[in-house]
Amino acid sequence: MNRAVSNSGARLASLYASSSLSSSSLATEAWDGRFRLHKPRGQHLLTNPRVLDAIVRHAALRPGDAVLEVGPGTGNLTARLLAFPVNRVTAVETDPRMVDAVTARFGALDMTRKLTVIQGDAMETEFPEFDVCVANIPYGISSPLIAKLLFGAYHFRTATLLLQKEFARRLVAMPGDSEYNRLAANVGMVADVKLLMDVSKRDFVPMPRVDSSLVEIRPRAAPPEVDLAEWLGFTRECFGQKNKTLGAIFKQKRKILDLLKRSQRTERCTGGGIILGVLDDDRNDEACSDEDEESCDRAAGFSTEEVGAFKERIVSALASTGLAGKRPSKMSNDELLYLLRLFNQRGIWFQ
């Protein structure tokens, strides 16, 4: 037998053996005084070998790929990524104990030439160039991490992410679904998302309270013809009260004043002005009462006449589209984009 093939096979076997620790042994490691996992931080180790294999299989890695892994934990998924003929794996981990564990684990197997471990907060770390992202990410950073990947300056083929099941359902929701929300609208503007499989909470140590789902996010080759910063501002206004009609949303005094302030800025930010953060921060706006309208106008620095004229621009734009009676949760991105462009043409801005 060829010696190189034999050595390669032995190393592959070692990697898989090192990544197939039993749940009981991991549980002991996780909960003794030396290495306590922090559940509030989302530290849950995926231990089921079949699920780990399935994740890498769904990632559809290609020879020579550069792989980004966020939150490698002790390296169970990392081992399988390194077993493929990828160019390199970059793992970003904030917990120094995990960094030490992963570095020691793969240093012992002489695999550090293909592995770079970066200690740092994934939301603050500048990622190197990568072709695919494969990660079991802490639930608490799901939305901001997806925002960073899709609306940052990264160009990649796919992201295969293990997410909280409820969050994944919201991510793949379609207009008219009860789960449809700003998150799905924003991600759907720039990428195609597919639900791949569900993963039981029993496959993790320590066991979380909820099940997970694996999703594939595939950025579109052609960027949308829209100022993404303006789009994100627009969907934030629409989905803050997604079950109200657009007519009801945009007639609220406080919202009118807020939009008037933005629209009167002398410098318009276009392109590159995206402020990264969560994609699903739906919230309700308080409205001024009718009795307080004049005082609200004065407090905002506008005359009642200025506010009335601006409100008429909003009302007439909605009337011309026939969309005033529609709810954002029922609307397609094409409909929302059409309305945004019309608003912008009439000097109504959202970022």
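Using the three backbone atoms N, Cα and C, a Cβ is placed for every residue, glycine included.
Taken verbatim from TrEMBL:
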type	residues	note
BINDING	His44, Leu46, Gly71, Glu93, Asp121, Asn136	S-adenosyl-L-methionine binding site
DOMAIN	51-221	domain 'Ribosomal RNA adenine methylase transferase N-terminal'
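Locations of recorded TrEMBL features on the structure.
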residue: His44; record: S-adenosyl-L-methionine binding site; contacts (Cβ under 8 Å, 6+ apart): Leu37, Phe204, Val205, Pro206, Met207, Pro208
residue: Leu46; record: S-adenosyl-L-methionine binding site; contacts (Cβ under 8 Å, 6+ apart): Leu52, Gly73, Asn76, Leu77, Asn136, Leu162, Val199, Asp203, Phe204
residue: Glu93; record: S-adenosyl-L-methionine binding site; contacts (Cβ under 8 Å, 6+ apart): Gly71, Pro72, Gly73, Val99, Val102, Val117, Ile118, Gln119
residue: Asp121; record: S-adenosyl-L-methionine binding site; contacts (Cβ under 8 Å, 6+ apart): Thr94
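Note on Asn136 (S-adenosyl-L-methionine binding site): other Cβ atoms within 10 Å of its Cβ, all shown chains, come to 26. In the predicted model, residues of the domain 'Ribosomal RNA adenine methylase transferase N-terminal' (51-221) average a pLDDT of 95. Around Gly71 (S-adenosyl-L-methionine binding site), taking its Cβ as the centre, 23 other Cβ atoms fall within 10 Å, counting all chains.
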